[in-house]
Amino acid sequence: MRTHYCSAVNELSLDKQITVCGWVHNRRDHGGVIFLDIRDRSGLLQVVYEPENKEIFAIAEKLRSEFVVRVTGIVRKRPEGMINDKMETGRVEVIGTQLEILNQSPTPPFLPDDHQIINEDLRYKYRYIDLRRAVMQKKLTLRHKLNSCIRNYLNEQNFLDIETPMLTKATPEGARDYLVPSRVHPGQFYALPQSPQLFKQLLMMSGFDKYYQIVRCFRDEDLRADRQPEFTQLDIEMAFINEEDILQLIEGLLKIVFKEILNITLPDKLPRMSYKEAMTRYGSDKPDLRNPLELIDIADLVKDCDFNVFSSAANDNSGRVVALKLPNGCDLSRKDLDNYGQFVTIYGAKGLAYIKVNDLSAGMAGLQSPILKFLSETAVQSILNRVEAQTGDVIFFGADKAHVVNESMGALRNKLGHDRNLINSGWQLLWVVDWPMFELDPQSNKLQPMHHPFTSPQELSAEALRSKPTQTLAKAYDIVINGYEIGGGSIRIHQPELQKTVFDLIGIGDQEAHEKFGFLLDALQYGAPPHGGIALGIDRLAMLLTDSTSIRDVIAFPKTQTASCPLTSAPSPAGNAQLTELGIRLAPTITTK
């Protein structure tokens, strides 16, 4: 039907007859001449219809926004003064000789241009119109290019793209499963996979030593800007490797992706930071290194002070006291300070102490803070020295259990960085390594894996693991880009006894382990090779590469914050016949007043 995409029409096409197909993006009447901007996925092209050809001109007069047309004409140079360098085709136009209306459109609920601010629910209800916008076309095209880069790179590295089941068994992976009832097996359910974790490990035990898959995963969890109930990840597993092999593989992949998509050259080797250092300096296991602010421990300086908030946390083995210096922060008003104090309570903090350094040379008289009366001059001076305070700075403090301090002050660090425009431009990629094997659940006080229960400890000894589980480090690693966790992985346990030990430590007894993971434990007995892998979030990576604020902007048909789809009205009720066939009876609806 067409000879060219719109953007392919240029000065090399002058005096040639071309045919394009697309939508009427804009129609303008000027002095009896009709100008059309025709849009396809590649861009815009101006077409001119003159009144001499009355039959074709009459058709052009009927056109409205979003009509679908087929246009034929002769390419000519635009007259001087009408060149539009903002358009890729802005130096040429087409003198229309033929025009066919392929379909009509009523006035759409919004026009697919990039100049309107459109309600998100409306965008998703009419997503097929929203996706016509140039910005959305570019984002999804870039996502395609990202996937192509990944496939080409891994294929060249001798990886095999192998599919794994979508209907599988529910396994505890940290989030709720989406369950699918079985008609053939009444009362029993499949689960949609949260990841292909166990299947890719089984593939390594099957002799396929390099596997990858760009795969859909499902998690029934509360949504955020970077979460969806269904999401896409690059899943990788390799046998007969160590951590260094995987880190080098991903560094090579990211180097190609950034070069081909953004024309940015990444270093051959990315920086690495231990989990402990990341939490100590930034209060986060995914620190944004573009932000210059850091947390500084001061517990040793306030152990004996009269301010109980500080001294009690400083003398608690599970407590922490930190300072966070904000350069030139003295211009913050009392209301600003109160707002930041309210902000940290979201993360469990009971409040936010601060000291304003109005004049460093004036000693205590040059400081402003409600807590100064509880601190000795020596303690205050020691704090100022440690944080290298200057006149005009404000110093915030966090004192509580370490996990509360890390979460609240880490979040405050991020907020201050954005509020005060401290975030440097560019890209900061980082490996976070040497993760703890386990953490204690604050509510149950039971051990739980930091990643998942199939992660190998650095010391391959069941006895050592049992004797000091909270001190054991894992062979685990996360890749962080500009403060976003883009992927994580680990070396896996390949010895059945060690796997049973991990299950036992996290409260999964032999019977439960056999019921949930019997197939894995059986496979581990039949010569499982050392293996490991990683998974990268395609949605998050595409979000960053397109400078989007949400992964919903790089997914063709996303769910809303409430996990619903305005376009299809999913989820929706099931019919009684379907429920009866599946042997399901719904519980009475519970209403609350």
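Heads up, the Cβ atoms here are built off N, Cα and C, so glycines get one too.
These numbers come from a predicted model, not from an experiment.
Range with Swiss-Prot annotation region 'Aspartate', chosen from 93-96, 165-168, 197-200, is 197-200.
Binding of ATP is attributed by Swiss-Prot to R219, D220, E221, E485, G537, I538, D539, R540, and within the candidate set Q228, Q495 the record adds Q228 to that site. For the region 'Aspartate' (197-200), same-chain residues at least 6 beyond its ends with a Cβ under 8 Å from one of its own Cβ atoms are 164-165, 168, 171, 173, 211, 213, 235, 237, 452, 454, 517, 519-520, 533. Separation of the C-alpha atoms of R492 (L-aspartate binding site) and G81 (site 'Important for tRNA non-discrimination'): 66 Å, rounded to the nearest whole number. When secondary structure is read from DSSP and collapsed to three states, H30 (site 'Important for tRNA non-discrimination') falls in the strand class. The sparsest Cβ neighbourhood within 10 Å, among the listed recorded positions (H30, R219, H451, R492, R540), is found at H30. Most other Cβ atoms within 10 A: among the binding-site residues E221, E485, that distinction falls to E485. A separation of roughly 45 Å, to the nearest angstrom, links the Cα atoms of I538 (ATP binding site) and G81 (site 'Important for tRNA non-discrimination').
Under the three-state DSSP scheme, R492 (L-aspartate binding site) falls in the strand class.
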